[in-house]
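Enquirer: The structure's right below; bear with me while I get my questions together.
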Amino acid sequence: MGCWGRNRGRLLCMLLLTFMFMVLEVVVSRVTASLAMLSDSFHMLSDVLALVVALVAERFARRTHATQKNTFGWIRAEVMGALVNAIFLTGLCFAILLEAVERFIEPHEMQQPLVVLSVGVAGLLVNVLGLCLFHHHSGEGQGAGHGHSHGHGHGHLAKGARKAGRAGGEAGAPPGRAPDQEPDQEETNTLVANTSNSNGLKADQAEPEKLRSDDPVDVQVNGNLIQESDSLESEDNRAGQLNMRGVFLHVLGDALGSVIVVVNALVFYFSWKGCTEDDFCVNPCFPDPCKSSVELMNSTQAPMHEAGPCWVLYLDPTLCIIMVCILLYTTYPLLKESALILLQTVPKQIDIKHLVKELRDVEGVEEVHELHVWQLAGSRIIATAHIKCEDPASYMQVAKTIKDVFHNHGIHATTIQPEFASVGSKSSVVPCELACRTQCALKQCCGTRPQVHSGKEAEKAPTVSISCLELSENLEKKPRRTKAEGSVPAVVIEIKNVPNKQPESSL
């Protein structure tokens, strides 16, 4: 709350100063015909929008409590705000670039350079104040570190655990750390209940219609209620750095624009020799100087003066293009990082091949598939995986080892769906013991499409598309013998449901 109060005060102060100065720069740029000041005023307008977006994102990001509608809260609001800020800044850069190209074709002489100089100095002071307010958000790489402060957790009950809760029993969760070690607790969810553990997750017996989507969800891990801790607040603060970094880049762009305005005004004031009202003067820098000089020579024999040098007029758009390149160079990393987070790509610090290798090397793990790793915000990295094990008896020890593997890679919010090998099955033959039905197989994250063969292999390879569930359903049906099959002995496969041998898993 303290960090939110500090950021909110800084944003409001900078928003007020930026809006007032934007209005001043728009008026002065129109009066003095200064492209640098006009582009800086447009950038100020972008800053006003960016600060408003940052305020809204900060406000929503404070709502970290999970609800039934937003199970992760609004923690990604700041990432969205950073992306919007980066898009605003990129669009503004292209607008300034087009204006600079137009000034190269039709150069304009600056009017009242001293006024432009004074306004540019004042704008530079305002932007320096903004840089002082947001300097601690200048270059912090988000999500690149491995933070060991945890405390955010939520449990997902398996169907078997919920049934046990309704019957009056207590369904156990994977054993975690002791209550005094709660700040270092990981968020690890398994879809198998350990009925031997008496200190487990309790099933929620509240009626569904009494629960609203905006009500916060109380989370219990190992029977203990997880509260907002200092470590969780530090996670939120790291998640908010991306949004504040976007604000810093806007202020930095304003400072560069103010420097360009000051330099351009100084060079124009000391180097440009313009025409006065009393003298006959020709400006060779404009597109058609011949016509005006011929008319002047025909009308009078007075001495002619020439304005210049012309390179001063091209300094303004040249400096604007340099500013655009600097802004695009500083904005691209922010745009890329926020976009990749929203696209849920694997974080750059996670070596997914090495992670899969370590998981498969764990004793008791036969196969790993459907592994997904993405970044929620800041340093919060989430992973889900299907782990195929030998038997349920050794699974809890395997789950602890898997949790340590994820922890070593900086992943502290994990959901593991266990799969236990059927009798006589091999991982290479049946890679997934809980396969999806054919109508939803292509809608999975990975999409279990049949392998495509080419050439002669396509003619030899039969097309088989059947799931584990459909295979079990077909085997349960009694085979019907036709007349043509009278001489062929029937093979009946009976599947006996052995209760309490394998816990029920929920997809």
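The first residue you see is number 1, and the count goes up from there.
Any Cβ shown, glycine's included, is placed from N, Cα and C.
According to Swiss-Prot, the protein carries these features:
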- 1-10: topological domain 'Cytoplasmic' (TOPO_DOM)
- 11-31: transmembrane segment (TRANSMEM)
- 36-56: transmembrane segment (TRANSMEM)
- 57-78: topological domain 'Cytoplasmic' (TOPO_DOM)
- 79-99: transmembrane segment (TRANSMEM)
- 114-134: transmembrane segment (TRANSMEM)
- 135-247: topological domain 'Cytoplasmic' (TOPO_DOM)
- 140-218: region 'Disordered' (REGION)
- 145-156: region '6 X 2 AA approximate repeats of H-G' (REGION)
- 204-215: compositional bias 'Basic and acidic residues' (COMPBIAS)
- 248-268: transmembrane segment (TRANSMEM)
- 308-328: transmembrane segment (TRANSMEM)
- 329-507: topological domain 'Cytoplasmic' (TOPO_DOM)
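Are these features on the surface or tucked inside, and what are their neighbours?
Expert: Cβ atoms under 8 Å from those of the transmembrane segment (114-134) belong to residues 10, 13-14, 17-18, 21, 24-25, 28, 31-32, 34, 36-37, 40, 244, 247-248, 251-252, 254-255, 257-259, 261-262, 264-266, 269 of the same chain, restricted to positions at least 6 beyond its ends.
Mean model confidence for the topological domain 'Cytoplasmic' (135-247) is a pLDDT of 44.
Long-range contacts of the transmembrane segment (248-268) within its own chain (CB-CB distance under 8 A, at least 6 residues past either end) are made by residues 14, 18, 34, 36-37, 39-40, 43-44, 46-47, 50-51, 85-86, 89, 110, 113-114, 116-117, 119-121, 123-124, 126-128, 130-131, 133-135, 137-138, 312, 315-316, 319-320, 322-323, 326-327, 330-331, 334.
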Enquirer: Could you tell me how many residues in the topological domain 'Cytoplasmic' (57-78) are helical, how many are strand and how many are coil under DSSP?
Expert: 7 helix, 1 strand, 14 coil
